[in-house]
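Novice: The structure that follows is given in the form of structure tokens.
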Amino acid sequence: MISERDSETTFEEDSQPNDEVVPYSDDETEDELDGRQPGAELGPNQTSRDAEENRDPGKKDCSWQVKANDQRFYDQPGFKRTIFLCFKKSKYAGNAIKTYKYNPITFLPLNLFEQFKRAANFYFLVLLILQCIPQITTLSWYTTLVPLLLVLGITAVKDLVDDIARHRMDNEVNNRMCDVIKDGRFKATKWKDIKVGDIIRLKKNTFVPADILLLSSSEPNSLCYVETAELDGETNLKFKMALEVTHRHLQEESALADFDGLIECEEPNNRLDKFTGTLSWRNSNYALDADKILLRGCKIRNTDFCHGMVIFAGADTKIMKNSGKTRFKRTKIDSLMNYMVYTIIVVLILLSAGLAIGHTYWEQQIGNSSWYLYDAQDCSPAYRGFLNFWGYIIVLNTMVPISLYVSVEVIRFGQSYFINWDLQMYYAEKDTAAKARTTTLNEQLGQIQYIFSDKTGTLTQNIMNFKKCCINGQRYGDCRDAAGQLQSHPEQVDFSWNVYADGKFLFYDHYLIEQIKSGKEAEIHKFFFLLAICHTVMADTSDGQLHYQAASPDEGALVTAARNFGYVFLSRTQNTITISEMGVERTYDVLAILDFNSDRKRMSVIVRESGGNIRLYCKGADTVIYERLHPRNLKTEATEEALDVFANETLRTLCLGYRDISQDEFEMWNKKFMEASLATSHRDEALDKVYEEIEKNLTLLGATAIEDKLQDGVPETISRLSKADIKIWVLTGDKKETAENIGFSCDLLTEETAICYGEETSALLQTRLENQRNSAGSSPHSSLRMNEPFFQGSRDRALIITGSWLNEILQEKKKKKKKLKLKFPRTAEEKKKQTEKRRRAEAYKEQQQKNFVDLACECRAVICCRVTPKQKAMVVELVKKYKKAVTLAIGDGANDVNMIKTAHIGVGISGQEGMQAVMSSDYSFGQFRYLQRLLLVHGRWSYIRMCKFLRYFFYKNFAFTLVHIWYSFFNGFSAQTAYEDWFITVYNVLYSSLPVLLVGLLDQDVSDKLSLRFPSLYVLGQRDLLFNYKKFFISLLHGAVTSLIIFFIPYGAYLKSMGQDGEAPADYQSFAVTAASSLIFVVNFQIGLDTSYWTFVNAFSVFGSIALYFGITFDFHSAGIHVLFPSAFQFTGAAPNALRQPYLWLTMILSIAICLLPVVAQRFLSMTVWPSESDKIQRNRRKYLLEEQQWKRRQSAFRRGVSARRSAYAFSHQRGYADLIASGRSIRKRRAPLDAVLAGSGTGSGDTRDTS
């Protein structure tokens, strides 16, 4: 029997996730989902058809109306929204971007409000108010006011500096210029002044300022080429195309000024790849889709100018909608520190209450009966005890360290500048330095447990290089001379014989060049001819140079390689292609282009050659090509061996083949092809079926090997971070095969790694979930079994999962709402059942998500591919939620912003075209490899310094404050202070602050080189070993013992003693000076013992603080200052009189020795008997330094010759430009002849690119 609960969570059998497609957009409506078949991939024309079918302006998703050149249109009441009471504002956002927090008017009140939200600051404000009440004050008001003003002032200045930087960045963007039609003419206008409905003109290499509808451009059919590096980090060009009607009628300035079209479209949303709307103009409606929209952040490329109409501006643009909610980030230490401050406040209240009770008792027993203590106030002992409670709150207030927060801010500020100044994190190629964009998270860098990384532009350079090839069973690409002999020293091939060579192509096999030049091998000619003709690349010329526009960098690399080897793609028309073959230009008729898609994994062209024969050229993944080869191919085994060799070197492979086609066969096939092309439904499926009929019986030509170039140092960085027990997950929108290939390239995956895919993962999780349901409420032994690992054995494992499977497994998949016939009114029982059903479904969903995180965390590496920006953030959030782990996300595009904001630490890769990720990040630098230094050096040092600082800070404050408590037992619990008021005021500010600040800024247990050499040192921070509640209470106990020694040793020594001159040195003021002097020596020598890295500055700060104490004390105790301020300085002559007594110096030396000698002994024993790993490394640092000098840096440990796997080739994420080429829309009507363009190169080729 199948229960109801089973049916709720069992996955749908008929909706198997598709690994090739990115799942639904982040906020698709139910209606949109209803219209999509499960797992189906949208064809290139589907969006337009969807737009045409959903043209009802009254629909909820088409409620956004934009009218061109008519700002009064937006003043209608229907376009206003209420912001407060009766105040209304336009629902259309302005184009100005605002990231700053303050302005000159709001800075002071807002900043003070934010600062007093901190418990400690508010506590001291209350304390200051209490000190102004004469009946309870025991300390002067200035003892609290001076430190409080210092804390508030320093924090305010830091916030002001940060906000000024944000103002500057906002102004830089908002004040960019753009041409906007105003009063019938194009006028230069600032971005911030652009409004919805404006008509704007954009020029080549400028950024798009808002989301705009493309109206026309300088290109044929108003094509516009854009680079989306700002959005997704990819630098390959994508094209957009205007409506035919706007292309024809909106080219001139006057026509654009008179344009009055009305757009009705969806509300602003975060769907980068989807847009639905209608343009109403001249009594006609025109469907709009994403191919006609230019998004803010794109860059205009290879298009002289274009015109557009603003649809979404500022905060409504898709790039801003994708940036996610800005989260306030705080470190684990921050949270722990706050809890410790709360603990101290509770302890303070309890101590004050206990001492107040003691005073009440003392008053009853002694105070009332002692006539000489009468103060003319007839108050009851209970009331006096109540007043003393507040008195002790004031006296013991230094237990809550007011200077703690400002000291922490100063340390973080300094550490941030050390990151900014680190020359070893400076990327010279892009002139990009590392930058700490926040100053509050430095120590968290030393506690990272999970890293979530984007792939494209983060791990890779998104640059493809042609490295090797196999032609007719012969491998080429090794370092060989012209005779085919291997060379020990690589010598670059000279391509100067080829006028079309691009000068950047590197190749080292001279033998292949000789074979090409000789022309003896027909297969070599066919091989490179195929590369030059079988593609959807488009050519363009500028500044006398030939440039290619490719749908993917892979395809661009192959055409560029053919170009350098002498087979140069020059131009194309709608049905011809012109190629220079070893200097001879020929034009071929292109009969058909069989474009690539992610299911076919191949593309073909059918061309008619000069002799009239028809030939099909095909390239694709090795698996699909081998399935379609003629049985009599002779070189399959040799090519298979070459593919294995290339795979060992982690190169991306591709097979090439061809076949001759008779005229009759082509004509029959072409008839089917035309029918499929004109199909109104399921066009893509029909075309794929027709393609299958012709792509068969191929003759194998060979294979290519392309390197998907990683950034420098990526494998070494990942290896080092793994040794630091940091798990690395790759979250990418790329294809599964591509992501897997990069995983092998950068050593995330190895040949020994057992890879678990989506289907297997789903089965494991489903089994675990069923077992958990069945064991619910059963014996405790079964629940223990539920916590067993998913994988048995210690084998290295990795998880590779696609976005579709991720939605399926995490039960995030949006399902069609079923229209249920409900009974009205619904009974209470039915409502209860519905509520219970929903609650149970949520519980199962949460359990499934927890199980997934547990399973994924058992794997050494996780790769999530074909995921949306929202899914990236969701994966990070799940690990934060269920593992309570510290996470770091690193990326370079706008699609990574949500993930960067969700993680505890966000890192942006700067120096690329896209800066959106950097603007949202906490730290930025130019290359992924700098991440190891950021974490293992700066992060670890920051964590160690901060922990050492906090432990010592709490210690010195307890040692200072608890002396008052011991003194209370000898003064009738009267809340009298054990020290002078001015000593209490400046103790934390001057006498003990500088040494600990310098330790927090400069201390290091081992050098940066040793930190990188021994990554295992990093685990201290991950396990919170250096600062936790245990360490806090140890500091409290240490401070309490120190305070006991500082009080009772002088007390015992003075009890029955007499000075040399017959004066009694045991008066209150002498005792206060002795205790204070002992305290200053002890706390400053203690920080000396805690310092691992001594410099002149540290030594000066320790001894300078002691000297400063004596200098200020002698000034405050002088007769001169007492004469000027008699009520404020009452310890006249106390220090000079007391400190000339040798007896007191001996007392201080005894106190200091008893405090510090046990600490010295404990440190000695721990370093010799129980040394930590850093102690061992410190002990052997000279040996390691010698090894470092002798050791020569080896070549990158890049895995070669190990893997037996094959990489799958990826042309692009979507279809190429085949539809565009076949339609003729991309071809210019007039072109300058190539011989005119390349006249300086000595070529005399004719104009083969003119279609007329």
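A Cβ is built for glycine as well, from the same backbone N, Cα and C atoms used for every other residue.
Unlike curated records, TrEMBL annotations are generated automatically.
For reference, TrEMBL lists these features for the protein:
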| type | residues | note |
| --- | --- | --- |
| REGION | 1-62 | region 'Disordered' |
| COMPBIAS | 49-62 | compositional bias 'Basic and acidic residues' |
| DOMAIN | 89-145 | domain 'P-type ATPase N-terminal' |
| TRANSMEM | 119-136 | transmembrane segment |
| TRANSMEM | 142-161 | transmembrane segment |
| DOMAIN | 174-236 | domain 'P-type ATPase A' |
| TRANSMEM | 339-362 | transmembrane segment |
| TRANSMEM | 389-408 | transmembrane segment |
| BINDING | Asp454, Thr456, Asp892, Asp896 | Mg(2+) binding site |
| BINDING | Asp454, Lys455, Thr456, Glu555, Phe596, Lys619, Arg652, Thr732, Gly733, Asp734, Arg866, Lys872, Asn895, Asp896 | ATP binding site |
| ACT_SITE | Asp454 | active site, 4-aspartylphosphate intermediate |
| REGION | 821-841 | region 'Disordered' |
| COMPBIAS | 826-841 | compositional bias 'Basic and acidic residues' |
| DOMAIN | 918-1172 | domain 'P-type ATPase C-terminal' |
| TRANSMEM | 949-970 | transmembrane segment |
| TRANSMEM | 982-1002 | transmembrane segment |
| TRANSMEM | 1032-1054 | transmembrane segment |
| TRANSMEM | 1066-1085 | transmembrane segment |
| TRANSMEM | 1092-1112 | transmembrane segment |
| TRANSMEM | 1143-1161 | transmembrane segment |
Novice: Greatest CA-CA distance (Å) over the residues Asp454, Lys455, Thr456, Glu555, Phe596, Lys619, Arg652, Thr732, Gly733, Asp734, Arg866, Lys872, Asn895, Asp896 that the record ties to ATP?
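Specialist: This binding site's residues have a maximal Cα-Cα distance of 33 Å.
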Novice: Give me the CA-CA distance between Arg652 (ATP binding site) and Thr456 (Mg(2+) binding site), in Å, as a whole number.
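Specialist: Thr456 (Mg(2+) binding site) has its Cα 15 Å from the Cα of Arg652 (ATP binding site).
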Novice: Tally Cβ pairs under 8 Å between the transmembrane segment (389-408) and each listed stretch (119-136, 142-161, 339-362, 1032-1054, 1066-1085), then give the stretch with the top tally.
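Specialist: Ranking 119-136, 142-161, 339-362, 1032-1054, 1066-1085 by Cβ pairs under 8 Å to the transmembrane segment (389-408) puts 339-362 first.
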Novice: Asp454, Asp892, Asp896: which of these binding-site residues has the sparsest Cβ neighbourhood within 10 Å?
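Specialist: Candidates: the binding-site residues Asp454, Asp892, Asp896. Fewest Cβ atoms within 10 Å: Asp454.
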Novice: Which listed stretch (339-362, 1032-1054, 1066-1085, 1092-1112, 1143-1161) has the most C-beta pairs under 8 A with the transmembrane segment (949-970)?
Specialist: 1032-1054
Novice: Nearest to Thr456 (Mg(2+) binding site) by Cα distance: which of the binding-site residues Phe596, Gly733, Asn895 is it?
Specialist: Gly733
Novice: Is the count of Cβ pairs under 8 Å between the transmembrane segment (1092-1112) and the transmembrane segment (339-362), pairs 6 or more apart in sequence, 3 or more?
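Specialist: Per Cβ check, the transmembrane segment (1092-1112) does not touch the transmembrane segment (339-362).
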Novice: Just to be sure I understand the packing, how many Cβ atoms besides its own are within 10 Å of the Cβ of Thr456 (Mg(2+) binding site)?
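Specialist: Summing over all protein chains shown, Thr456 (Mg(2+) binding site) has 27 other Cβ atoms within 10 Å.
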Novice: Taking the Cβ of Asn895 (ATP binding site) as the centre, count every other Cβ atom within 10 Å, in any protein chain shown.
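Specialist: Excluding its own Cβ, the number within 10 Å is 29.
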Novice: If we skip the immediate neighbours and take only residues 6+ beyond the ends of the transmembrane segment (1066-1085), which ones have a Cβ under 8 Å from one of its Cβ atoms?
Specialist: 955-956, 959-960, 963, 978-980, 983, 991-992, 995, 1042, 1046-1047, 1049-1051, 1054-1055, 1057, 1102-1103, 1105-1106, 1109-1110, 1113, 1117, 1131, 1134-1135, 1137-1139, 1144, 1147-1148, 1151-1152, 1155-1156
Novice: Reported as an integer number of Å, what is the Cα distance between Phe596 (ATP binding site) and Asp454 (Mg(2+) binding site)?
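Specialist: Just about 25 Å between their Cα atoms.
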Novice: What number of additional C-beta atoms lies within 10 angstroms of the C-beta atom of Gly733 (ATP binding site)?
Specialist: 25
